[in-house]
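Database features, via TrEMBL:
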type	residues	note
COMPBIAS	575-599	compositional bias 'Basic and acidic residues'
DOMAIN	25-135	domain 'Ig-like'
DOMAIN	140-250	domain 'Ig-like'
DOMAIN	267-342	domain 'Ig-like'
DOMAIN	356-435	domain 'Ig-like'
DOMAIN	442-520	domain 'Ig-like'
REGION	476-495	region 'Disordered'
REGION	574-607	region 'Disordered'
SIGNAL	1-25	signal peptide
TRANSMEM	543-565	transmembrane segment
Amino acid sequence: MEPPDARAGLLWLTFLLSGYSGAQAELHVSVPPRVEVMRGEQVALDCTPREHPEHYVLEWFLVDGTGARHRLASVEPQGSEFLGTVHSLGRVPPYEVDSRGRLVIAKVQVGDGRDYVCVVKAGAAGTSEATSSVRVFATPEDTEVSPNKGTLSVMDQFAQEIATCSSNNGNPVPRITWYRNGQRLEVPMEVNQKGYITIRTVREASGLYSLTSTLYLRLHKDDRDANFHCAAHYDLPSGQHGRLDSHTFRLTLHYPTEHVEFWVGSPSTTEGWVREGDAVQLLCQGDGSPSPEYSFFRQQGTQEEQLNVNLKGNLTLERVHRNQSGIYGCRVEDYDADEEVQLVKKLKLHVAYLDPLELSVPEELFVFLNSSSTVVNCSARGLPTPTVRWTKDSVTLADGPMLSLQSVTFDSAGTYTCEASTPTVPLLSRTQSFQLIVQGAPELKPNEIMPKSGNSWTEGDEVMLTCSARGFPEPKLTWSQRGDTPAEPPFEGRGWKSSSLMVKVTSALSREGVSCEASNIHGKKGHVFHFGSVAPQTAQAGVAVMAVAVSVGLLLLVVAAFYCMRRKGRPGCCRRAEKGAPPAREPELSHSGSERPEHTGLLMGGPSFLLQPRPSLPSSACWAGTHSGQRPWGGKEGGGGWEGAFLQGM
């Protein structure tokens with residue numbers, strides 16, 4: 001048995017050891033204090049013992065609104081997994097604990113936004129717990145606005161309901177703000193005459209929140225064109241924010257007329273003129289709302305002739321006439337307007353017109369050549385006073401209604417046009433024309449003729465003669481000679497008529513000349529074409545004949561040579577005369593013109609020679625011609641025939 005002091009020491013040691021063991025067994029648990037998640041997502045709550053005991057029990061609890069705890073799971077680590085019991089508490093889908101001991105909440109709803117407690121029991125190591133708070137966010141639906149569709153009067157002294165804005169099914173509760181033309185309206189929630197808002201919040205069965213805000217304002221005339229809208233602001237995880245704007249809208253306001261305008265619509269001019277026959281619109285507009293009635297009238301002295309009453313503010317005068325010029329008025333029937341506002345407006349309508357032009361001459365005016373002091377008057381009546389001018393071939397001849405024709409020529413003939421217009425009224429114009437016909441004896445214009453070569457004509461040259469004439473009545477053109485006339489004579493225009501004649505130049509034609517004549521009932525005029533001296537064709541013909549003779553002579557020489565080659569071997573043929581033979585006789589030249597034709601030279605009109613007869617040669621003899629002053633070659637002594645003419649027996 002141990003002594004008492006020993007037992008006391010042992011107890012003390014045991015106490016000290018047990019105290020030391022408790023100090024070492026203190027346990028700590030780590031969890032995320034706040035978890036934010038969007039509705040419909042999945043969240044996993046982590047719970048980890050810092051000391052990592054070898055064996056422990058992990059429990060999850062749900063804390064309700066009263067603070068009571070409800071066990072969700074109790075698991076122990078077994079190898080790489082946690083095994084135990086999980087309670088769903090009727091949630092779908094149920095709670096789960098994954099392999100790391102985390103509490104998994106799938107498809108988070110607003111009701112899952114609670115506090116969750118994690119408890120770790122490690123036996124002798126102790127027990128520890130920690131709380132994780134889950135916050136669920138939900139984006140609200142599109143913002144909707146319902147404006148007041150009635151007519152709001154600006155004369156009301158109190159704030160009127162403008163619109164109601166709704167933001168539904170959001171979490172946490174969204175906030176609504178109001179805007180006018182993009183600028184935020186700072187409107188209090190306290191009721192007052194200028195404006196205020198009311199707010200109503202509803203918690204839906206799903207746990208989401210719906211917010212409704214109604215705007216009240218005192219309206220003014222400037223609000224007739226204002227754009228209003230509202231916006232819902234909501235929170236998101238990690239301190240983010242969102243905004244959903246509604247569509248814009250306008251209000252229908254009732255306000256009295258303050259100004260009236262009355263004017264002439266298209267077509268019109270800056271001076272207020274309209275064209276006779278046009279459809280004219282008179283437009284009247286007041287700035288009141290809704291649109292008042294418009295009453296149109298015409299001032300007839302001190303009386304008003306009622307024309308039309310409508311809500312559109314326009315009056316159309318179809319095919320307006322000149323007698324419709326006058327004073328027209330428009331009256332706005334607005335009984336809410338202030339007494340000082342001028343509700344009646346008047347204007348003066350000017351109807352412009354231009355009557356058909358009248359000329360002092362007929363459509364065809366006949367005058368004689370070289371006449372003067374012919375005056376044509378163009379009468380133009382219209383309002384405003386038209387301006388008149390005369391033109392011919394688009395060239396201005398005179399400004400004003402009078403046209404004076406001086407020293408009339410055939411060039412004066414043509415179409416003359418009187419043009420009348422009103423510069424202050426566009427497109428209001430008229431024209432009237434007459435044809436001037438100039439009567440008189442013909443004017444003749446021959447063309448110039450020039451020799452084909454040199455300064456003189458040669459007999460046989462062809463030349464085209466042309467005469468042009470004009471006059472009224474149209475002149476007739478005749479020629480003194482016959483010849484070829486082209487089917488279509490050249491056209492010159494401006495009243496000219498042409499005729500052409502193709503002739504051959506001869507000496508007789510040169511002496512007589514060729515004349516053309518133009519004539520009508522007022523007279524006639526002619527012209528004679530002369531050709532001067534005409535050179536004959538003789539010299540040129542002699543040269544041509546000589547050239548032909550030379551060519552024929554050369555041809556005969558070639559034929560003779562060819563014949564001698566064929567007759568080679570015959571005695572006495574184509575051989576020179578034997579030595580000592582008497583020379584052949586020279587041909588006798590004669591310039592007498594009394595010989596027979598067969599003795600006449602080959603060249604007519606120039607130097608010639610005659611071929612004299614010689615004694616006959618045998619039929620096989622060769623022939624060679626000689627010219628005067630030359631000796632024969634190849635001729636056989638005593639031969640005869642026509643020397644230099646042809647070959648005998650060929």
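Cβ atoms are placed via backbone N, Cα and C, with glycine included.
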- Note on the structure: Across 25-135, 140-250, 442-520, the most C-beta pairs under 8 Å with the domain 'Ig-like' (267-342) come from 140-250
- For the domain 'Ig-like' (267-342), residues assigned helix / strand / coil by DSSP: 3 helix, 39 strand, 34 coil
- Quick one: average pLDDT across the domain 'Ig-like' (140-250), no decimals. 95
- Task: For the domain 'Ig-like' (140-250), jot down how many residues DSSP puts in helix, in strand and in coil.
- Result: 8 helix, 59 strand, 44 coil
